[in-house]
Amino acid sequence: MDVRLLEATEDPERVICTAARSDYSSGFVGEQSFAETMSTVDGETTEEKKRTLIGRLLDHGHFGPFEHPQATFGVKGISRSCMAQLTRHRHVSFDVQSMRYVSFDEVDPADVREGAMVVTPPSATDPDWVGRNQSGGAVDDEVVEKRERIFRESVTESVESYQKLLDTGMPPEDARFVLPIGTEVNMVLSMNVRMLMHVADMRAAADSQWEIRHLTESILDHAAEWCPLTFAHYDEQMKGRKNRLAP
Ligand SMILES: Cc1cc2nc3c(=O)[nH]c(=O)nc-3n(C[C@H](O)[C@H](O)[C@H](O)COP(=O)(O)OP(=O)(O)OC[C@H]3O[C@@H](n4cnc5c(N)ncnc54)[C@H](O)[C@@H]3O)c2cc1C
């Protein structure tokens, strides 16, 4: 998969701090400088003041100000299974590559056998991979070779059948019914900082499936660059805990 930050609120932590200080200011934040808005917050520099305030907000569960900054991500090549998990989050906005208007008629089934167009789960090729809900443990090479053979044959046959149906003139929106749930999809998604932390609470957790966990970790990497004080605090103090971001 490929995850990119496409667009994001400029200076998100200034927005968060301005919104939070507005709650407790007798003055109007629209009529004063950022320095004035932050004047009563502990810290020598603006950066320190922002770190103080953001840490305090997160520690006290005052999450409203984190709803103002928004980021838009482009995601390439996740499975439709992973997409189904991600799109359960109702405060995230999505645009999903269509299977009505985009048909995979030019994909070579030989490439599908090699891993194109359908995501290959690690358990199909790695004998040591143990899924969280798996009753058994690691398997020997012979078993994993069998798994991989069945998996690759199955997805290749699905794509071949799909293309044969397209050749008969069947609309792509109906021919797609035979494609596997692992079929790759591209999407664009947008969410605010509070929601990003909530998605991370649920989807970067150990009990999430490997693919959405990987996707969420990539999103968190971008978030750490975009909104550094917030996600440094999230990473150090909140990640892996029940933060009640969305009680
Ligand atoms: C490990 C794991 C396994 C899962 N397994 C399954 C499964 O087997 N089957 C399945 O169906 N789902 C499953 N899910 C999905 C899960 O149940 C949620 O639907 C999904 O994670 C969305 O999160 P959310 O409920 O926090 O809602 P979000 O849409 O992310 O909303 C955020 C918050 O807003 C509030 N909210 C939003 N809408 C409403 C509403 N209508 N009413 C009241 N409050 C609302 C809630 O506080 C919610 O927590 C699983 C999730 C995980 C992480």
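Placement of Cβ uses the backbone N, Cα and C atoms for every residue, glycine included.
Here TrEMBL flags ARG203 as active site, involved in ionization of N3 of dUMP, leading to its activation. As annotated by TrEMBL, dUMP binding site applies to GLN85, LEU86, THR87, ARG88, SER98, MET99, ARG100, ARG176, ARG203. What TrEMBL records for ARG88, HIS89, ARG90, ASN192, VAL193, ARG194, HIS198 is FAD binding site. The region 'Disordered' annotation in TrEMBL covers 118-138.
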Contacting binding-site residues, sequence order - THR87, HIS89, ARG100, VAL193, ARG194 vs ligand 1, Cβ under 6 Å: HIS89
Binding-site residues near the residue listed as 'active site, involved in ionization of N3 of dUMP, leading to its activation', in sequence order, restricted to GLN85, THR87, ARG88, VAL193, ARG194 and a 10 Å Cα cut-off: GLN85
CB within-chain contacts under 8 A for ARG100 (dUMP binding site), separation at least 6: PRO171, PRO172, GLU173
Helix, strand or coil at GLN85 (dUMP binding site) [DSSP, three-state]: helix
Distance [Cα-Cα, Å, rounded] between ARG88 (FAD binding site) and SER98 (dUMP binding site): 18
Shortest C-alpha distance to GLN85 (dUMP binding site) - which of the binding-site residues ASN192, VAL193, ARG194, HIS198: HIS198
Cβ atoms near HIS89 (FAD binding site) (within 10 Å, other residues, all chains): 16
Where SER98 (dUMP binding site) falls in three-state DSSP terms: coil
Cα-Cα distance maximum in Å, computed over every pair in ARG88, HIS89, ARG90, ASN192, VAL193, ARG194, HIS198 that the record assigns to FAD: 17
Entry from the recorded positions list ARG90, ARG203 having the most other CB atoms no farther than 10 A: ARG203
Long-range Cβ environment of ASN192 (FAD binding site), under 8 Å and at least 6 residues apart: PHE66, GLU67, HIS68, PRO69, GLN70, ALA71, HIS91
Integer Cα-Cα distance in angstrom, ARG194 (FAD binding site) to THR87 (dUMP binding site): 17
Cβ neighbour count within 10 Å of ARG194 (FAD binding site): 20
Alpha-carbon spacing, HIS198 (FAD binding site) to THR87 (dUMP binding site), which is rounded to whole Å: 14
